[in-house]
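The structure under discussion appears below in the form of structure tokens.
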Amino acid sequence: MIASVLPTYNRAPLNFVKGEGSWLIEADGRRFLDLGAGIAVNALGHAHPALVQALTDQAQNLWHVSNLYQIPQQQALADKLVEHTFADTVFFTNSGTEACELAVKMARKYFYDKGQEQRVEILTFDGSFHGRSAAGISAAGSEKMTKGFGPVLPGFVHLTFGDMDGVTNAITDNTAAILIEPIQGEGGIRAVPDAELKALRALCDERGILLILDEVQCGVGRTGKLFAHEWAGITPDIMMVAKGIGGGFPLGAVLATEDAASGMTAGTHGSTYGGNPLGCAVGCAVMDHVTDPAFLDEVNRKAGLLRQKLEGLVGAHPEVFESVRGSGLMLGLKCKATNIDVVNAGYDNQVITVPAADNVIRLLPPLTLSDDDITQALLRLDQAATQIETA
Ligand SMILES: Cc1ncc(COP(=O)(O)O)c(C=O)c1O
């Protein structure tokens with residue numbers, strides 16, 4: 001008999017009932033150090049007082065109102081995002097997948113309105129992940145995600161990650177945009193080097209196409225800048241955001257320049273829940289924290305400390321780990337042992353990590369992780385590695 005919850009997930013036998021900062025508490029009372037943060041979602045950790053306050057204050061006043069009316073919390077969050085980024089305008093969604101849908105529509109509509117309706121193709125890269133909607137899986141294009149689900153949507157050209165010549169050659173009169181994650185998350189913490197991001201920006205400018213960045217996983221302070229592309233000194237035309245922006249409340253956004261968004265006039269897109277008062281109230285509280293330069297300085301300091309200790313861990317367990325990769329608090333341990341075994345050994349030692357492609361385990365802790373948490377992380381990961389070595 002099929003499970004009452006559609007069995008699309010491989011779930012670990014863990015049943016968390018409470019979260020406190022960087023810690024998750026299991027129904028049996030065990031405390032787990034959460035280095036996954038709901039896959040880069042709980043940016044301020046679990047039950048951050050400012051987020052609890054923002055949510056409960058809003059819940060006592062108004063939960064939902066249609067986008068047929070003004071939503072002051074949405075306006076406030078859009079203003080904050082515009083103030084702190086390249087963007088001139090923001091559309092709110094409930095997830096990263098929905099942000100992908102709009103990013104694709106926006107790029108195509110831009111060219112349609114400019115009389116270049118043949119420009120519909122979006123260039124994407126192997127190992128990418130943009131969500132599980134029809135457009136999301138067609139954009140990523142991997143057989144694992146698309147097989148069995150009928151025809152993939154046309155208009156996506158899949159390129160080899162890191163092959164800049166391939167990108168240059170793939171741009172034609174039908175190209176609308178390049179869509180790329182500055183750091184691939186699901187793909188195994190694979191960073192696009194700053195020089196390549198700069199080259200992609202230059203190529204887009206030269207060839208008159210749009211640059212769409214998917215910062216759903218790497219954005220919102222995760223790399224030690226508000227958004228990862230800032231390290232390369234470039235800006236996109238369109239950017240997808242989700243996960244961390246809601247700190248655990250479902251919230252996503254598409255940010256765009258005025259020019260890139262010019263096709264999206266009244267009636268061209270919409271969402272019932274996108275930009276609802278609850279989500280936006282929480283999003284404002286998240287933004288107030290992650291835009292504080294002192295907060296980002298701390299993320300960078302702790303990221304340096306964690307990375308240095310992880311290098312030591314890799315050195316101490318050469319049979320289990322190969323290398324450390326990533327940026328800020330978006331780190332990956334490339335494994336020699338099978339990554340799932342390492343994640344499971346982590347569970348045995350009460351530390352949560354997240355598997356990714358390329359035999360990597362991801363460490364995406366709350367950005368509020370303390371120095372003591374880092375000490376605990378290393379202790380537990382070291383025990384997990386020893387358990388694998390002695391198995
Ligand atoms: C880079 C990236 N884009 C898009 C998505 C899809 O986001 P969501 O699961 O919120 O729909 C994810 C989710 O893991 C992601 O990592």
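Glycine residues also receive a Cβ, built from the backbone N, Cα and C atoms like all the rest.
Unlike curated entries, TrEMBL annotations are predicted automatically.
TrEMBL lists G96, T97, F129, D214, E215, V216, Q217, T272 with the feature pyridoxal 5'-phosphate binding site. The feature N(2)-acetyl-L-ornithine binding site is assigned by TrEMBL to R132, S271. Residues or ranges marked as N6-(pyridoxal phosphate)lysine by TrEMBL: K243.
Considering only the recorded positions R132, K243, S271, the residue whose Cα is spatially closest to the Cα of D214 (pyridoxal 5'-phosphate binding site) is K243. With a cut-off of 8 Å between CB atoms and residues at least 6 apart in sequence, the same chain places I39, A40, G96, E181, I183, G185, E186, K243, M330, L364 near Q217 (pyridoxal 5'-phosphate binding site), listed in sequence order. Taken in sequence order, the binding-site residues E215, S271, T272 that lie near ligand 1, meaning a CB under 6 Å from one of its atoms, form an empty set. Long-range Cβ proximity for S271 (N(2)-acetyl-L-ornithine binding site), meaning a same-chain Cβ under 8 A and a gap of 6 or more residues, is found for N67, F92, T93, N94, E98. The local packing around F129 (pyridoxal 5'-phosphate binding site), expressed as other Cβ atoms within 10 Å of its Cβ over all shown chains, amounts to 23.
Of the candidate binding-site residues, T97, V216, T272, the one lying closest to R132 (N(2)-acetyl-L-ornithine binding site) when CA atoms are compared is T97.
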